[in-house]
Structure formats: C-alpha cells, structure tokens
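One structure is given here, and the rest of the page talks about it.
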Amino acid sequence: MSSNVSSIELPDESTSISRTTCAGVLERVTAKMGGKRVIPGPLQKLLSADAYLTDKFCYFANNFLPLRSLRIHYKLLEVSCHGIPWLCVWIGLIWWLDRPNLYPMQVNFLIGGGGLLPTVQTCYATIGPDKFSFPSGHASRSVFVAYFFIYLWPLSILTILPLLAWVTSVCLSRVLLRRHHLLDILCGVILGLFEGVLIGWLWLSQESSTWVVSWLSDEKLE
C-alpha cells in the first residue's frame, strides 16, 4: 500500500496549490488504496470560492506597493512562527532562565503554543505541524502568542501593537507565499483564539508548573 501511495505525483511546492488539486490528490490516494472519496457539492463550491478569492487577493496584493515591499520578509516571517523552532527555543529558555516565578507562564505557553499539537495535512495525507495544513498552523500559533501575552500573561502595553502587526504580517505572508488559502487562515485565527481561551481555562498552577519543569529537567524542584 505504501509503495502505491508514494508513486503518486504531487504538485511542486513552489507553485500555487489549488483546492481542485488537493481534491484530485485525495481522490488518487483513495483510489490507489481501493477506496472512494466523494466531496459534497456545497463543500466543493466553498473550496472553489475560497481558491478564487485567494487568487484575487494575491493578485491585488502583488500589485499593491506596501504589500509588495513585505515580500523580502516572507521567509523570515515563516521561520518566526514555525512550530519546531518555537518548541526547541522555549524548552531551552525554561532550562536557561530557571526562574520559579516564570514557571506558570512558561509551561502554559509551552502547552498551548509550543507546536505540541500537529495538524493533519489533508492535501498530502501526511501529518505535520506547518506545511500546507488546514487550518494554518502559523496563523493559529501567532494568534495564540498574541492572545497569551495580551490577556493571559500581559506584557507592557507597548508590546501590543508590535504583536498585532506581527500576527497580521504572518497571516498575510502565508497567503501571499501561496502556502494557504484565505479559509485556512481564517480557521487558523479561530483555532488560535480557541486555544488561548482553553489554556486560560485549564491554566496550570505554580505547583503543577513546577512539577512539569521538574519532569522536563529531571531534577527535584521545590
């Protein structure tokens, strides 16, 4: 079975990924595996409209000078919100800072925004944190980060505008890089807000956070 699936030719990552392409890939995968997949009419119309609006938006943005100037920063924005660097850097900061009063912030942020919940890659039948996923992992993570440091663990008021500007830039870059469609971004934003509310509701206490850090560092902490 794995050899049949691996023989399917997938679209080049540097090109625009259309919804019809994703549907075609899924149909070929299920056909190879001996199954059938039928996309409901309303869903097909929604995906087609999403692809159309995304193309129109990208065409407008690429001819709009202020947005065109962001092009050189797209890759940097992509890396700035990738799950693996966030996870590695955040665990490193927990170990390096070693400040008990920060444990609740560090642990709760790690659970919600550290890339621990990978998304299913529906277009390619693979599982991973960021690439061509629905919803957009970059959008959900950036929104969660902003929500966390604005509402759950508020930083200086001076950080609010930079955070919101970063979130907006990340979401726009995902569309303009043709990594995602508008619907992916919208659902990613909603997911990020939901994660923020959920973490606020499930917030780990000082004692629980200390236990988690103790488990991560394999040291007995008081």
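Here the Cβ of each residue, glycine as well, is placed from N, Cα and C on the backbone.
All TrEMBL annotations are machine predictions without curation.
Copied from TrEMBL, the annotated features are:
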type	residues	note
TRANSMEM	76-97	transmembrane segment
DOMAIN	102-200	domain 'Phosphatidic acid phosphatase type 2/haloperoxidase'
TRANSMEM	144-170	transmembrane segment
TRANSMEM	182-204	transmembrane segment
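Long-range Cβ contacts of the transmembrane segment (144-170) within its own chain (Cβ-Cβ under 8 Å, at least 6 residues beyond either end) map to 70, 73, 77-78, 80-81, 105, 108-109, 112-113, 138, 192-193, 195-196, 199-200, 203. Averaged over the domain 'Phosphatidic acid phosphatase type 2/haloperoxidase' (102-200), the predicted model has a pLDDT of 82.
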